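Q: Positions annotated as region 'Disordered' by Swiss-Prot: 1-23, 71-101, 322-343. Marked as compositional bias 'Acidic residues' by Swiss-Prot: 79-101, 327-343. Per Swiss-Prot, the feature ATP binding site maps to Lys123, Trp126, Ala128, Lys130, Arg190, Lys191, Glu200, Arg202, Arg216, Asp255, Asp269, Asn271; the stated evidence is similarity to another entry. Here Swiss-Prot flags Asp269, Asn271 as Mg(2+) binding site, drawing on similarity to another entry.
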Amino acid sequence: MPHSDTEVPASAEASTDLPQRLPFPPVTHSHILHCSYHDWQPRYRALTPKSRLIPLTVPFISYLRADGIVLPPENATPTDDDNLDTYSDDEADEQPDPSTEWEEIHTQIKTTISELGGIITPKLNWSAPKDATWMAATNDMQCRTPNDIYLLLKSSDFISHDLELPFDDCVPDMPDSTTTPDVPYHLVLRKYVNFNPSLEFRCFVRDRVLLCICQRDQNHFDFLFPLRETLRSRIQAFFDEKLKDTFPDPSFVFDVYIPPPHQRVWLIDINPWAVRTDPLLFSWLEILNMKDPIGIQEEDGAEEQFVRLSLNGNTVTGVVGAAEGSESSDTEDESADDVDEDSPFFPEFRLVKRDDPEAYAFTTPQYSAHKLPKEVVDASISGPGGMSEFLGKWQDILAKQAQESDTDSDGGQ
């Protein structure tokens, strides 16, 4: 099991009385829109890595939705190193240029790439095309040209879900509403930063309480264990100061990055409080049944005397409330004691232990369910030349199929 700083109780999933559905509150259309990058990023711009948002037009969205991968012609003249000898000038001239329908978007993307240093990583409103990196020459999310971006976006199932099913399993905000809201789609271009995946963390917030935290990368990292209390303190303070009272919804999931020297917390993403969000080292049933950490609970009874534990750096501080005319009963005291005994002091911070079976998955391919045959993968891992050669052959095959189809149609007339 993944490592946590407290003993993990027997999973509720082992019960014979399992619920047929996870006990999520209804996920509304507005909650999904609030978790869209274009909605929350302007509010937290100073907390996020440098990025630019490009509003997308209907023709460009139609291009992303269309079957097949047809890329605009490159402006640069191919060289011998490009291994594009499978293309002839005539064949290149015959290929349609899809960007003629959205020239302004195409130009804006080229300009933005240059402004952000020449290398960016793309995403749409909610998802990044991480499942399509096998199509990229570099096998990652780095993009240097608009065509690099288009290839990733059009090859990604995650992007298709953003476009086709953004409100899957959602309910209207108003019970009598029968329509779904329009989505203002945006292309997000983020300046490329070589993130250390071991320092990315997913944080779960329920009713404006930071409930639990875990690694995003599911490998074991020895150095994280001595840092756990420092990282938890940083994340708690970041949440309390920046997100707790400013995000529109009380429950959500956010991702952060805390690079050395572990002083600054970067907000990477905000995700819905919904089953579609990966709970990673937890299960959703476990999260939904967790009790709030008592160290960050707020006391509403100002007139009653209480003792509260609060998180302050790496220490536990006792806060005593004044009592004026307190007449709480023994039953109430016993109930409060029971809550304190059963509840954790701080948000659980779960890390992967050395002896976890999944602790050494460095070579395990991610998103394998979204990938294509071995020949395509082999081409993608052989460098820029291999993928370019494969794309050239692919275009040849498509052209021959189209020619044969035209011939068959003529013969049948």
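Backbone N, Cα and C define each Cβ position, glycine as well.
Structural setting of the listed features?
A: Following the DSSP three-state reduction, the secondary structure of Arg216 (ATP binding site) is coil.
Secondary structure at Asp269 (ATP binding site), as computed by DSSP, is strand. Taking Cβ-Cβ distances under 8 Å and a sequence gap of 6 or more within the same chain, the neighbours of Asp269 (ATP binding site) are Tyr37, Phe254, Asp255.
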Q: For the binding-site residues Lys123, Arg190, Arg216, which one has its C-beta crowded by the most other C-beta atoms within 10 angstroms?
A: Lys123
Q: Where's the emptiest Cβ shell within 10 Å among the binding-site residues Ala128, Glu200?
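A: Among the binding-site residues Ala128, Glu200, the sparsest Cβ neighbourhood within 10 Å belongs to Glu200.
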Q: Report, as a single number, how many Cβ atoms besides its own are within 10 Å of the Cβ of Asn271 (Mg(2+) binding site).
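A: Looking across every protein chain shown, the total is 18.
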Q: Looking only at C-alpha atoms, tell me how far Glu200 (ATP binding site) is from Asn271 (Mg(2+) binding site), rounded to the nearest Å.
A: 14
Q: Do me a favour and check the Cα-Cα span between Arg216 (ATP binding site) and Asn271 (Mg(2+) binding site); whole Å is fine.
A: 13
Q: Can you grab the distance from Arg190 (ATP binding site) over to Asn271 (Mg(2+) binding site)? Cα atoms, rounded to a whole Å.
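A: Answer for this pair: 18 Å between alpha carbons.
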